[in-house]
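Engineer: Here it is, the structure, as structure tokens.
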């Protein structure tokens, strides 16, 4: 008998009607002969409602009390889904994070899973029960306090349970039906991938493809859990996120993504002395500003330009801060530009194929798209470009790399 | 240092504004130098919203899943109140039922408290913290499942905590400011009682004075917890529910109450043979129909009339059922009357004063109110009368017993 972990997000359980539909999907899986554990999020809108309540009391709320309030959203969902399954004649039982021994650290509102003891899950499965588990929440054993994993944590809950219980697969049901080679709203002929490696999925997740939460993919990779991304609303094949294999390497580029929530800051004529970059980026980190790409130009006459990207929401704060820093380190000027976007190509095949980055630059140049910054990893190449070219860039890169396929010489 | 347990109901925490007001009341108590534990209910309307969600899935819901869903209401309240106290600069911490070791039996949706381990409460109090505890919920240790105590269970939670933690007093804040000698909407000169015994309070609670939940009074009586009933909205003296003392015995009648939610059924010409009453009332119990007063007339010629009262909501079902029973036992007829009410006088002084019941009957007679049924206990006398005389009866009894006072010869 195989064990399947299924996960349904907030929109999938957004109403009583939808909860009944989820119950049907779960029941079908059970009927097929599988042992089943289901993880669910709070009903759509509920988490926001709860966050607003505590914010109304204090916008700078205490994370422990935040967790106490917000974790109730999932608790309601599991009770309702278990009830829906029981009403259909299935033996189901709901569990909160503490009941299944979902042990986390004590970092309230963004806790990390340490381990899952899972006794009650094992017992309930042995009795033939369908287990319905609250996503997003755990318990910090040193205090007995309820913790939450941070937004999107239900994906992570599901994958962690699959790892701990040695499930055959973790199925994540979402409002898309899989992982595509590009955003289908931009690229009409984007294709759904049958399979993708954890590494590629991580790059795609952090690059703005909102299918799976990054931490859940990291968890899957660490414990070798096969993750299947499927549609909540239609029954059709999805995308399997799994270990890299020979097949995947044949495909050089698995996906093309873009991220418009980026802004660029350039500090000009920075005195080129050891420790100066550290000084700048430590100061930004101290103010909780996340820096993504960093480019430092070659130094001329003891001066250098340093450019980097931040999230658009951080731009104002980062700009002000950099002006102060520039004064202190005697740089000449600070330029800010929010009309930029990052386009990226991702693929494990890039590791074994030379010339992929060059081909990307050439493709953009042929379409008169100027490249402002470049950043690369083993399986990814990203370029910062003028925002107005975003869709064009994604389309031409998708045409060149995904449709033409393996023609890199 | 004294320990005070405070309890606020759903209307008292019905909005963020009201929660902030409760926080002020709690903070003031702390400022006065007391150790403080606060118990709260779910925000007004929230419990009904949650019950409706699960009922929408299945009106015959599973009580375990019901508890899972419904117990979240109090969890939200405690997080919000603890946050409000913290925002005011007070060190506060919220606890669910399982976190304070509120051990109950496994009777989901109507669980009874077995004991409170309370380690975390003791620790938090030692650290000078205000403890904010979820009312209405506990945990069944054999399974680790969340239980609820049934509606109104937050009163019981508060009194049980006061007993377990040896608090000096348990203060119940409600939307009335104490216990009155009669309903002030009926009797203009009803007086607020400074003190009342547990036994009297129990009779009043079960007779329709909705100030305190009966089980909480039973708990207070069992463990000798002083319960103070106070207004949530105004700061003025309330009513102390405590052990019977000499003072109380001097007052013969503490209160006059009425209950209009009553209906009377009479089965006429029942064959008078052993076991016939058992047969009737067992059948009613099997159908979950609660019978209150029972009167059996003297038998004439081997036949007797049996009358009893039920809640008005049960009248239709009870009437149908009695018609079947009457056929089976060969009684002649079944009469139903919902235009009745029960008026009662309650007081520990009745134990040591003869003639109180007779004086009640005489007072009603003097006002041309016919008595249909009579039932008495050590500290209570109840009469069933025509519903239209209810307010009149309460007023004349209040005038006679409460205003005139101790003039029973």
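Cβ atoms here come from the backbone N, Cα and C positions, even for glycine.
Automatic prediction, not curation, is the source of TrEMBL annotations.
Taken from TrEMBL, the feature ATP binding site applies to B:7, B:8, B:9, B:10, B:174, B:175, B:180, B:185, B:210, B:211. Per TrEMBL, substrate binding site is recorded for B:47, B:74. As annotated by TrEMBL, domain 'ACT' applies to B:265-339, B:345-409.
What does the local environment look like for each feature on the list?
Structural biologist: In three-state terms derived from DSSP, residue B:7 (ATP binding site) belongs to an extended strand segment. If you take the C-beta of residue B:7 (ATP binding site) and look for same-chain residues 6 or more apart in sequence within under 8 angstroms, you find B:38, B:39, B:40, B:135, B:154, B:155, B:157, B:158, B:170, B:171, B:172, B:173.
Residue density at residue B:47 (substrate binding site): 20 other Cβ atoms are found within 10 A of its Cβ, drawing on all protein chains shown. DSSP classifies residue B:47 (substrate binding site) as helix under the three-state reduction.
Note: the domain 'ACT' (B:265-339) comprises 29 helix, 30 strand, 16 coil (DSSP; helix = H, G, I, strand = E, B).
In the predicted model, residues of the domain 'ACT' (B:345-409) average a pLDDT of 87.
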Engineer: Between residue B:47 (substrate binding site) and residue B:210 (ATP binding site), how many Å separate their Cα atoms?
Structural biologist: 18
Engineer: Express the distance between the Cα positions of residue B:9 (ATP binding site) and residue B:74 (substrate binding site) as a whole number of Å.
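Structural biologist: Cα-Cα distance, residue B:9 (ATP binding site) to residue B:74 (substrate binding site): 10 Å.
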Engineer: Looking only at the domain 'ACT' (B:345-409), what are its DSSP counts of helix, strand and coil residues?
Structural biologist: 33 helix, 16 strand, 16 coil
Engineer: To the nearest whole angstrom, what is the C-alpha distance linking residue B:180 (ATP binding site) and residue B:74 (substrate binding site)?
Structural biologist: 29
Engineer: Could you state the whole-number distance in Å separating the C-alpha atoms of residue B:174 (ATP binding site) and residue B:74 (substrate binding site)?
Structural biologist: 17
Engineer: Whole-number Å only: compute the distance from the Cα of residue B:210 (ATP binding site) to the Cα of residue B:74 (substrate binding site).
Structural biologist: 21
Engineer: Using a Cβ cut-off under 8 Å and a sequence separation of 6 or more, which residues in the same chain sit near residue B:74 (substrate binding site)?
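Structural biologist: When sequence neighbours closer than 6 are ignored, residue B:74 (substrate binding site) has B:40, B:41, B:42, B:96, B:134, B:135, B:136, B:137, B:154 within Cβ distance under 8 Å.
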